[in-house]
Amino acid sequence: MTATHTHSNGSNDFTPVSINDHVHRRFNPLLGKHVLVSPHRSLRPWNGQKETPAIPVETPHDSKCYLCPGNKRTTGQHNPDYKGIYVFENDFPALLPDPLAVGTNKISDDPLFQSEPVRGRCKVICFHPRHDLTMAAMRISEINHVLDGWKDVYAEEGKIMQEESSDGCVQIFENRGAMMGCSAPHPHGQVWTTSFVPDEPATEIENFVRYASGRSGSHMLLDYALREVKARERVVTLHESGWVAVVPYWAAWPFEILLMPYKRHIPSILQLTAEEQTGLATILKDVLSRYDNLFSCPFPYSMGLHQSPLPPTDPTSNSAQVHFHFYPPLLRSATVRKFMVGFELLGEAQRDIVPEQAAVRLRESLPHKRATLSNDKPYNP
């Protein structure tokens, strides 16, 4: 629901005015942070930096790509001639299974110089053998295979971490496009397993628990999803299996999307029914196709899955709720991006276009209007 207030025109008449027409702040209950919304700035001229627009990849197999089947990676290893998804250990991991502890395994008692050794593993998951086939262009069955891969890695890595420690997290994510620091255009994502729960998911779960404790155990994201489905003004697309994609009320990025269940509590992707998983594959394709169609370009983004940090031992009592965050940088066109700088680094996030307007534009960006890559041909490198 969009808040309104009244405005006097000088007489005794008061007319309702939407807060979307004025500068205001919105609160993000997931992270306990605010975002400053400045609708009038959408009209300002732009003479700043412009990016080189991304060009669609049209080569099914690139002999120089480190991720294509049969190719040699920088380590000298050769990829197998894989036909579906392909998972392997990251050649340049940010975490190590057994890092050398510096000084002591204990956290320092000094509040100003605290540190602790951590361990973990980093994996790469290639979504498809074809170099040119993004998730938006895949068949639903192929996206389902990606989801199966995520489930397998989450379960396997989670089991290893649970055997080693009582704490930890398996974080699944994808960076798409050079603008988001992606070094290879081949469709792929990453899985980082950590011996700790990172700040973002940890904060979300803390706020889920706090919300539930004051509301007879109800779940924040499920309550929020149901209200968004009822209001519809920020809904981008919805699937009858129980998934809804919205530009969240508190979105910081211009065309940010939050994808979540709206019918029941689902702590992790391991608890999805077959119908829910196919529905998730369908709505993922829908969302990513709308992104590509918005500015008629391969749309850059960072996408991540938040769920129970490790596979839940008791799903019924788990506080997490599975959901996907999409953070795309583009602001006005394929060449103009948003920069999180200045006030946003030193104060709080700020946006120009209101989330409701962003949702309208994404709803109008019909996924079937833009021709996808020809993915009906068999893969033959």
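Residue numbers in this text run from 1 along the chain shown.
Every residue gets a Cβ built from N, Cα and C, even glycine.
The shown structure was predicted, so the numbers you read here are calculated from the model rather than taken from an experiment.
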From candidates Gln190, Gln321, Gln357, Swiss-Prot puts in the same UDP-alpha-D-glucose site as Asn90, Asp91, Asn175, Lys338, Phe339, Met340, Val341, Phe343, Glu344 the residue Gln190
From candidates Glu174, Glu204, Glu206, Swiss-Prot puts in the same Fe cation site as His306, His323, His325 the residue Glu204
Zn(2+) binding in Swiss-Prot involves Cys65, Cys68, His186; of His128, His131, His265, the partner in that site is His131
Rounded to a whole number of Å, the separation of the Cα atoms of Glu204 (Fe cation binding site) and Asn175 (UDP-alpha-D-glucose binding site) comes to 21
Across all protein chains shown, the binding-site residues Cys65, Cys68, Met340 give the max Cβ-within-10 Å count at Cys68
Excluding Glu204, His306, His323, His325 themselves, the Fe cation site's Cβ centre has within 8 Å the residues Leu30, Glu200, Pro201, Leu221, Leu258, Met260, Gly304, Leu305, Gln307, Phe324
Among Asn90, His186, His188, i.e. the recorded positions, the one with its Cα nearest that of His323 (Fe cation binding site) is His188
Same-chain shell around Zn(2+) excluding Cys65, Cys68, His131, His186, C-beta within 8 angstroms of the CB centroid, reads Thr59, His61, Asp62, Tyr66, Leu67, Asn71, Arg130, Ala184, Pro185
The rounded CA-CA distance in Å from His186 (Zn(2+) binding site) to Asn175 (UDP-alpha-D-glucose binding site) is 11
Cα nearest Cys65 (Zn(2+) binding site) among recorded positions (His188, His325, Lys338, Met340) -> His188
